[in-house]
Amino acid sequence: MKIHEYQAKALFRTFGVPVPDGGVAFSVEEAVDVARGLGGYPVVVKAQIHAGGRGKGGGVKLAASEEEARRFAGEILGMTLVTHQTGPQGREVKKLLVEAGQKIAKELYLSILVDRATAGIVIMASQEGGMDIETVAAKTPEKIIKVRVDPLTGIQGYYLRQVGFGLGLPKAALKEFSALLKNLYTLFVKNDCSLLEINPLILTSDDRVMALDAKVDIDSNALFRHKDLVELRDLDEEDPLEVEASKFNLNYINLDGNVGNIVNGAGLAMATMDIIKNAGAEPANFMDVGGGATAEMVENAFSIILRDKKVKAVLINIFGGILRCDVFAEGIVTAAKKSGITIPVVVRMEGTNVERGKEILAQSGLNLINAVNLKDAAEKVAAAI
């Protein structure tokens, strides 16, 4: 689960990570009021959306006066902000973060993330922080410091010193930086985060360190332990179809293609998307209904995919195990009759009660295209578009 920058900074404050003074605003007047309360200019007016690259997209402005703060707030609030992470459709800006400007001596990069390859935690840092960190990582990866932390032993003093020395911090800033990184690690672990990112982490002219930006991603599977964090979820920032799918415990991710697919099992779903691409088409989604899906869950999954206007055909790929083919077929028939099928639907089923499942589909009167195997299914759905 992603949260907004202003929410992430509130968490930072709770754990003793220094951030600029500021406040969230939902209107131009609120933004001006926050700016007035900061006691002087410049102030920074920042769009609040769940995407990076806001500065390059025009969503971050430095205001030198109240007049500029008002103007920038009016320009950013309500705009459709397009960044490399939003896609061409962009995101509407519905809230702002207004913060006190800082005297920046140096911009750095700092993050903590889960490294699934080593089943550990990695601290990443760089002296090249700021808007071009992606370019730095791609073209000069040697400038990225990586320190692996064993979660069983936790953060140790030598990890803190290794990162601090790697960032080239002056001696006067090392103690404060070590405290910041230690607190950040504590926040990461206690809140079941998958990513914490500060870009930029700044070194001020008086050798202080401060998080000028904040990104926090929380493991959605751990939210049952964090009822307070669940309240930070902003459904307006999420895909409406993904929100709908989550209500029915369906694993759904909306993509850019035009072939919808329904599969049971994450691995089989990814293989299905690969073979759709191999056949010359593009998957419109990832949809795993799970092994324990009921007919109702299947019905909801099919209805969600049919509501996606990009979808021009659907591929259903089911291997019946815990989810029997007859149960799946009943769900498909119910959903199709309720929604009305106006696009080609290719079905490939194997496994438990497959003959009964095929019988249910055949007797339904629906115009479904049967496939003998996965390759045949992909070729038929690609040809049907």
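Cβ from N, Cα, C; glycine included.
What Swiss-Prot says about this one:
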type	residues	note
BINDING	Lys46, Gly53, Arg54, Gly55, Glu99, Gln102, Glu107	ATP binding site
BINDING	Asn199, Asp213	Mg(2+) binding site
BINDING	Asn264, Gly321, Ile322, Leu323	substrate binding site
DOMAIN	9-244	domain 'ATP-grasp'
What is the separation, in Å, between the Cα atoms of Gly55 (ATP binding site) and Asn199 (Mg(2+) binding site)?
11
Pairwise CA distance, Leu323 (substrate binding site) versus Lys46 (ATP binding site), rounded so that it is a whole Å:
48
Cα-Cα, whole number of Å: Gly321 (substrate binding site) versus Gly53 (ATP binding site)?
44
Taking the domain 'ATP-grasp' (9-244) alone, what is its mean pLDDT?
93
Restricting the comparison to the binding-site residues Asn199, Asp213, Asn264, which residue's C-alpha is spatially nearest the C-alpha of Gln102 (ATP binding site)?
Asp213
Cβ neighbour count within 10 Å of Lys46 (ATP binding site):
25
Please report the Cα separation of Asn199 (Mg(2+) binding site) and Glu99 (ATP binding site) in Å, rounded to an integer.
15
Using C-alpha positions only, work out which of the binding-site residues Asp213, Asn264, Ile322 is nearest to Arg54 (ATP binding site).
Asp213
Hey, how far is Asp213 (Mg(2+) binding site) from Lys46 (ATP binding site), Cα to Cα, in Å?
10
